[in-house]
Amino acid sequence: MFPFSLYVLYYIQARHFGSDDYELLDRYEKDLPGVDIFVCTADPEIEPPTMVINTVLSMMAYDYPPEKLSVYLSDDGGSDLTFYAMLEASRFSKHWLPFCKKLKIQPRSPEAYFRTALEPLDDPNKAEEWLFVKKLYIDMKFQIEATTKLGKVPEEIRKEHEGFREWNFISSRRDHQTILEIRVSSRISNSPIILNVDCDMYSNNSYSVRDALCFFMDEEKGREIGYIQYPQAFENITKNDIYCNSLSIEMEVDFPGIDGNGGPLYIGTGCFHRREALCGRRYSNENKVDWKEVNDRKVKESAGVLEEVCRIPASCTYEANTEWGKEMGLKYGCPVEDVITGLSVQCKGWRSMYFIPERKGFLGLAPTTLLQTLVQHKRWSEGDFQILITRHSPFLLGHKRIPLKLQLSYCMYLLWATSWFAVLYYLVVPPLCLLRGISLFPKLSSPWIQSFAYAIFANRAYGLVEFVWIGGTIQGWWNGQRIWVFKRTTSHLFGFFDAIRKLLGFSTSTFVITTKVAEEDVSERYEKEKMEFGVSSPMFSILATLALLNMFSFAGGIKMLIMDVESKVLDLLALQIILCGLLVLINLPIYQGLFFRKDSGRMPNSVTYKSIIVSLLACSIALY
């Protein structure tokens with residue numbers, strides 16, 4: 001969470017839904033702990049309320065004793081549109097939750113389920129109920145979307161619930177009274193286990209809570225576990241993953257390896273926490289949890305009393321001069337507060353676990369445009385590098401607290417931002433030297449060419465085999481190579497310098513929310529795997545300039561080859577010509593966006609003109 005901001009939080013006890021006694025551990029069934037679930041949202045314009053309530057409903061529908069399941073929605077934007085959507089969802093849940101139990105459906109997000117499920121024609125009664133619930137959902141969705149499009153809640157609806165009175169004194173979206181905040185869950189339900197998810201990450205597996213508790217309640221090692229991280233997965237990834245947003249290598253290869261080195265990073269969503277670990281308590285070998293005793297802790301105040309009592313800890317001034325945001329809860333002041341929070345928990349002696357279930361636990365929405373992807377990675381690389389160069393570095397904070405191999409594992413991501421220099425060098429210096437006929441690599445006739453060839457092709461071949469092995473496609477791997485270049489010359493470049501500026505006190509950290517909604521034409525191009533540009537951005541100017549620079553240099557290299565009678569150019573400059581040729585292939589979507597596409601997703605003219613001028617100027621300087 002972030003300081004100096006206000007929160008609206010809606011609390012739902014999922015009592016509408018009964019649960020069959022699926023076996024977790026027979027002897028613990030009566031002592032299963034309470035679970036608090038936090039769904040976080042911030043802006044109804046880029047995180048539509050219909051998406052948010054689908055996530056909330058899927059969380060309420062877990063196969064778990066309903067009296068032990070509490071769902072909270074934290075709205076950083078304080079939107080009455082989100083509040084209205086929650087009211088509609090609470091009405092719909094009275095039909096949806098029993099429906100989920102009766103038909104034992106998966107997934108339990110209404111939108112995801114009805115998008116793929118077929119009407120049960122074999123049973124007329126079930127078919128009738130199925131159609132009834134589907135109609136209820138469609139009607140609710142229509143009402144919420146119509147209200148959201150209108151931009152305000154109609155007066156007749158506002159009169160139905162006194163909660164809308166809280167917005168009578170609001171002058172702006174960021175200026176609203178505090179209703180409730182996440183910290184106050186300790187006064188309401190105070191469950192020992194906490195699950196947090198982003199508002200687009202709906203539950204895809206109704207058994208996820210029970211699966212996670214198998215680790216926490218393990219009699220030998222369970223007391224050591226501070227959090228259990230599920231993989232981050234997305235439902236809208238295209239066949240060839242055009243923007244490399246599936247994170248498949250990270251989730252299926254890197255994280256299992258890091259788990260073996262001491263435990264995975266906390267990645268901000270799809271994570272089950274032990275409350276005492278998240279709240280700053282250090283692990284002790286004497287820690288023993290009596291689950292029955294934990295469950296006996298009951299809240300005695302009425303709902304009205306609780307609401308008034310909780311206004312104080314809910315306010316943004318409550319944490320001033322306290323350990324909140326420093327030693328307790330999520331850490332503040334960093335664009336990747338999740339990573340730094342997980343590291344802090346591990347440094348207090350707690351273990352973390354990485355769990356990959358057979359059925360994915362959570363599914364979210366990946367960015368659908370190139371700029372969204374680059375901006376997201378800019379935030380990640382900036383925040384990770386910021387951790388490395390401050391007192392929160394795993395080598396400082398984690399010294400003698402976590403294993404050296406885990407400290408080094410963090411560096412896989414903390415050093416992302418530093419990769420821009422080497423990649424930018426190879427995209428600028430070799431093509432410019434090629435135009436001047438300056439060789440940077442061994443000649444083809446030199447025995448040293450073998451080591452270069454092995455290093456290049458062995459590395460790429462290994463990456464290709466690894467990617468295909470986990471279910472990717474060859475085209476998907478190639479798209480990954482393209483985005484690898486794009487990120488390192490833009491996202492990591494900007495992330496590096498913004499982290500340095502923050503360290504020197506010239507700027508402050510900001511959190512940029514990735515939009516979860518796209519225009520219809522943008523979505524169509526995304527599904528067709530057409531790269532989206534459409535807007536002017538410094539990142540696009542850099543990409544276009546580098547693409548044109550390598551195209552001009554490649555053309556110059558080919559011209560030298562054609563005019564070279566004695567084949568000296570081939571022997572001397574072959575590797576540089578090959579490098580420029582590969583970069584031309586990688587940048588094909590850039591050339592299409594610059595010169596050939598006519599749709600609204602093409603590269604803006606301002607970027608085209610600017611990149612042509614700069615690249616030609618660079619080539620002219622190199623030649624003369």
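For all residues, glycine too, the Cβ spot is worked out from N, Cα and C.
The stretch that TrEMBL tags with transmembrane segment, taken from the ranges 195-217, 540-562, is 540-562. Neighbour counts of Cβ atoms within 10 Å were taken for the recorded positions E47, D338; the minimum is at D338. You'll find the Cα of D76 (UDP-alpha-D-glucose binding site) roughly 17 Å from the Cα of D338 (active site).
Long-range Cβ contacts of the transmembrane segment (540-562) within its own chain (Cβ-Cβ under 8 Å, at least 6 residues beyond either end) map to 371, 427-428, 431-432, 434-435, 437, 486, 489-490, 493, 533, 569-570, 573, 576-577, 580-581, 583-584, 587, 590-591, 594, 603-604, 607-608, 610-612, 614-616, 618-619.
Between the C-alpha atoms of D338 (active site) and E47 (UDP-alpha-D-glucose binding site), the distance comes to 20 Å. All protein chains included, D76 (UDP-alpha-D-glucose binding site) registers 21 other Cβ atoms within 10 Å of its own Cβ.
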